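Everything below concerns the one structure shown next.
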């Protein structure tokens, strides 16, 4: 057979890849390689191989994909490629005869079945080199990296012994996670993986509730925009009309219920005062734009000021006025009057009137005004999420449309986020950047940037199209009936009035209020020219909304099902965390920064309200008013309140605010206490006490308390503990097999019972002192030698340490363990028989713990038992019993889930409460902490935040026990630690809840501050605080004097007087009335001390306290008689409002009028001309009223004869 040779060059260190592709199937080839001179015979070649080689192909698994080396490629590592200098590489090739291959495949033609035949083939020879960038030398190096056998013309395979970043991480496109739609539909299982479906359902449910709310707000907004013709001057309508646009601020509670008056001041004189009123709709609402037409008897010339005020009446009279825009319809001149302040007795300067001068271009272009305008526009109209709440009334983009756009944006964001979830982790991070000698790691990779760009390209176009269509769609054509076309005064109305549909209509026939029909759309169309699209495009927008929402929700559910529950939960948590962080923090910051940039660049405020409010046509207004009979209005005599009236209004207003705040605080705090009571008592069970008592009786805890030395400890284990752990017989005498249940046959021992010992080092000079010091540092100072083959020594772990507080020291984790895996009495006694003689407890022992976990399946309760015996250096033993009962399987009943719901509500209440208190602290600063109730509320807020943290962590610990093997994994000693850790945190949660309930109950006194007796008591304590604090010093010194005497005299002989803290406790119990009997050793000093102490404190100290309180209460009572306290004024107003409401309710029910209306209209006194006009047009007049000196009503009717000419 002939050999075909090829020659080529190679580079040192670069791996060679020789790929051969035969043009005939089922034919093998043999390759030969020679360096240097051209070979003449086969045996002169350096190496050879036969392809294909299926014996040892290299494989690499990448997740669900496996890469395999090419079977027709000969891979020569770079270490085998030497420097060729002037030598060449020669490649020889021949086909392998079929006789060597064995059986000839049937597909091979007969002419190729022999030993010699011609084979056509294609050969590719290429080399690769793996380099990485070395930051230390700023150059590419190949140290530790070699090409792998998987490399080909489209893939580089590098095998490195260190981590590095390669240029292959650069991507112009990142593919999303794979999704097999048909397979995903088949694998849908909402029972095993419901998290994504629940999240989508919650989002859609919130959307439906938001749509209902937005629909109602849209209806209210439709009443905010409109033009009302005022009564005008007393001389009647003339040829001069002024359009008045009043813009109310968008701040919280900026609307007013008071009557508003205005006087126009120009070079030609004054006009007014005029009342800005409309009886058909509520005006001056929050964020409202109210338009009025004022007929004037004469032209005022150029306007340079307006005087505006209100009478401070109604339930919410405070008003934040943004600005006023006036336009003279005769010449078209516009005047702007900037206010941007409160007209309220309790805000700002406390005045309800202001004189505004016409703003110049310089005033309009000030940085503060431009920034406020830009920011208000950005949040209220530009920002999609914020504008749902703050949507301007004049905007054609309704709240329902904005809520729908928010839903589409949210769901599109969810689907793009879940599509690329985890894809950025498949790419390496960029190398650190050297900045001023410091290595700075760039927090974002190129792949993350590409994913962000791709996500924007998916989300942005469709949502931008939806928003722009809703913003610029034209109003639909009006549909009028035949009767409506014949009547020029009637018109169609809708829930949301667009700019073209704003019209002036007659609103009050009795007292001559009119709205002129506005049909000229030329002005508005010109202002919106170039951006209006046909009205039917709104259907396209709604189709895009529902299509994007449906498809996004569908693919999000499919991806969540494909990921599995664990990965879906991780994605959901990550998504909502980033979403709310962006919505609540990043986006507001971006809006403010954008407003700052536009302010500095443009220096021009937004004028959307002015531009989008239609300007009425002068001729149309004049022609319409000339066709109707107009009765001149009576002269308005209202004037701004003077300083005396303002002072009275201010006092009254503060009382009303206090009343409203008290009612709000009472309702909020009542709900807070209700939720707190549920979460504090909901998980508790009366069975906890009974189970603890049952365990004490079963284990005969009284015997534990009698342990006083080593021998009594072993006797307790031998004669009390071992029989309690297991009973060998049933009630009928049958043999009972070991089943884990204790003697009571209802308590099950979970895991092994263990003995744990803590020791001190043998080298300690003062063992007892060193024991206390070392254990308080958090580490048992154990011996270095083991305590026998049956014992295991486990060192202290600071991460999961839970202290055990004894009588003489605090003990931590670690020590020596003995486990009783078999709790039968015989097994326990055998272990004790081994430990006791070996001296397991000796003079270096400082604490021995008997630890076990007991479960009662009938009550679903766990008890963590810890029997501690402390051994002092003098040989005495001091026992301590700790039994903590807790419910770990909590979610077994419906009530448990109700408690979880209340816990979620409590978290919301706590966040709101903390935010409110933070706002109070920022406003009051140091004055906040100087008040008693301020400290109480601060404590309540801090305890609530602490309860939220402890409650969530306790829930996290308890959730470990919900799985089937949640508590039985790990080492034996760690199993008990899990139960003890859960019981420990449940106890901490109980302590925090106890403090929270205590402080919350104390705050109830603050809610009862309107009761004069409670106020008297609080004021008395406040008045007596100074004298009592001074007297407290005397009490403390005298008490310490008696305590030091008792500690020195009785400390070495009496039990309750050593150490000094115990002396203080004993003396407090004596002071509270408990008799303490002294021993015979102190038969003289004991009774003498007790008599002197009780006499002095009972008859002298307490009498002085009562005297101080008596003086204080008389002073407070005298002050209250001179001036009524504010709380009492609030209480009087509350009773007055309650009596008024009950009286009106009773009168309405008595006359069958139903419930009283919540809107109280002001009485109007008509003029004499108006009354005569009314009498001349009436057919009959009916009079009704009470009879003199009688409760009965009389009613009679007089027929009108004036119109017929007879009297």
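Yeah, the Cβs are placed from backbone N, Cα and C, and that goes for glycine too.
As stated in TrEMBL, the feature transmembrane segment covers range 1028-1050 out of the listed 844-866, 867-889, 959-981, 1028-1050. Checking the ranges 363-389, 444-470, 471-497 against TrEMBL, the transmembrane segment annotation falls on 444-470.
The feature transmembrane segment, as given by TrEMBL for the ranges 315-346, 571-602, 603-634, 699-730, sits at 571-602. Checking TrEMBL for transmembrane segment across the ranges 811-831, 895-915, 1063-1083, 1126-1146 points to 895-915.
Of the ranges 403-424, 571-602, 662-680, 927-956, the one with the most Cβ pairs under 8 Å to the transmembrane segment (532-559) is 403-424. Across the domain 'PLAT' (240-357), DSSP classifies residues as 0 helix, 65 strand, 53 coil. This prediction places the mean pLDDT of the domain 'PLAT' (240-357) at 86. Recorded stretches compared: 571-602, 988-1008, 1088-1109; the one with the most Cβ pairs under 8 Å to the transmembrane segment (927-956) is 988-1008. If one looks beyond the transmembrane segment (195-214) by at least 6 residues along the same chain, the residues whose Cβ comes under 8 Å of a Cβ in the stretch are 388, 398-400, 402-404, 407, 410-411, 553, 556-557, 559-561, 565, 568-569, 572.
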